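Encoded as structure tokens, the structure appears first; notes follow it.
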Ligand SMILES: *[C@@H]1O[C@H](CO)[C@@H](O)[C@H](O)[C@H]1NC(C)=O
Ligand SMILES: *[C@@H]1O[C@H](CO)[C@@H](O)[C@H](O)[C@H]1NC(C)=O
């Protein structure tokens with residue numbers, strides 16, 4: 001009997017030794033229900049990894065979604081930016097077919113297949129750039145009307161990228177978000193400005209920078225340290241949410257960098273893959289003074305906010321007059337079907353936010369909040385012009401615009417619900433192509449991050465054995 005008891009105790013004891021495990025330290029608090037929301041992490045994992053992620057990947061590889069128009073040449077409006085880093089992996093390949101020399105195109109060089117594919121893609125992008133010329137007069141008029149309606153007061157991000165002659169189409173599939181080597185004080189300054197000056201932090205809250213963190217070039221400096229979260233408690237639920245969204249975005253970016261880390265870099269091979277150490281440095285509870293798991297929870301929070309925006313925007317995409325126009329009617333039709341399927345899936349997800357807490361204040365309060373959010377978000381999108389690394393700038397801009405679009409949707413519920421089913425000249429709610437592309441690609445990043453967490457979880461548990 002005694003032996004049995006001892007064994008039973010031993011069995012009970014085993015889980016208690018787990019807290020020291022690396023997997024546990026990253027994920028122990030990333031489980032169960034999330035604050036401000038009636039949902040739990042496990043349900044999101046299953047929903048995303050099995051259903052949402054694969055469908056979304058398919059959608060995002062279509063022509064409509066892979067070409068993003070962006071101006072990467074804006075000057076940083078807040079401080080003098082050091083000339084853009086010469087890191088090879090920071091470069092963004094814009095689509096300019098003329099830059100590919102004839103010789104390479106026609107030779108049997110081993111890269112010719114890749115180059116040819118790139119060429120075709122670039123021609124495709126050029127076609128997309130010329131969308132207007134192939135539109136009927138009626139559609140062109142409608143677009144003009146939409147543009148006029150899509151007025152400044154509704155925008156959450158800077159609009160100039162859409163109209164600027166400096167903007168180029170970038171093929172997102174050819175420019176994946178991954179480790180670039182961009183870090184240190186410069187990268188640090190970006191997040192510093194966002195957290196310190198653009199997250200509704202009261203001026204009275206002063207907190208010394210964490211010297212340990214800044215020396216190492218860690219890009220999470222200001223979210224760590226005890227007491228940092230205490231100022232959050234004084235904020236209304238939406239402003240608290242804003243901070244968590246930014247932190248979630250930051251987490252997602254860092255998950256991507258850890259999952260597409262440059263592991264091999266020599267004359268015969270360059271290989272990107274998972275770097276568990278890098279992941280731990282950013283998310284392990286012990287190595288981050290307890291912040292890591294909070295960051296991961298914020299990622300799920302961001303996922304839910306964007307998911308909810310997708311659910312809410314369904315009526316806009318259901319309008320018969322809406323097309324994912326690329327000039328190939330059959331493919332365009334199929335992609336619209338896939339898009340609607342995805343949005344209906346988002347709508348069917350059972351665990352959304354408590355509608356009575358978030359974005360649900362009285363009308364005057366709501367419009368003031370919307371304005372606060374809008375201005376702050378616009379400012380953050382300008383800070384993205386200060387990101388020295390072009391590839392990081394590209395993805396930073398895309399993701400802030402995507403999140404901005406999600407917020408615009410959440411703040412426009414009434415307008416979306418009142419959209420006429422038959423089409424009208426002056427719709428009360430509009431999204432530009434760029435907003436649509438960024439919304440879905442941004443959600444695609446977050447969805448990929450959630451999926452990557454599954455990979456890191458299993459890598460960490462294997463590393464232990
Ligand atoms: C915009 O961001 C910059 C840089 O962080 C900051 O100095 C400025 O106060 C912000 N402006 C507004 C209106 O929030
Ligand atoms: C993984 O990242 C760490 C930094 O977190 C770095 O020191 C290490 O060299 C990386 N490992 C590989 C295989 O590149």
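Using the three backbone atoms N, Cα and C, a Cβ is placed for every residue, glycine included.
In the three-state DSSP scheme, residue 389 (active site, nucleophile) is classed as coil. Feature annotation from TrEMBL assigns active site, nucleophile to 389.
Annotated active site per TrEMBL: 392, in sequence order.
Residues or ranges marked as FAD binding site in TrEMBL: 178, 180, 191, 247, 250, 282. Of all Cβ atoms in the shown protein chains, 23 besides its own fall within 10 Å of the Cβ of residue 282 (FAD binding site).
What TrEMBL records for 85-90 (among others) is disulfide bond.
Among the features that TrEMBL reports, disulfide bond is placed at 389-392 (among others). Taking the Cβ of residue 389 (active site, nucleophile) as centre and 10 Å as the limit, one finds 22 other Cβ atoms among all the protein chains shown.
Per TrEMBL, signal peptide is recorded for 1-19.
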Would you pick out, from the binding-site residues 178, 250, the residue whose Cβ has the largest number of other Cβ atoms within 10 Å? 250
Here the binding-site residues are 178, 191, 247, 282, and the Cα closest to that of residue 392 (active site) is found at 178
Specify the count of other C-beta atoms within 10 Å of the C-beta of residue 191 (FAD binding site). 20
Rounded to a whole number of Å, the separation of the Cα atoms of residue 389 (active site, nucleophile) and residue 191 (FAD binding site) comes to 14
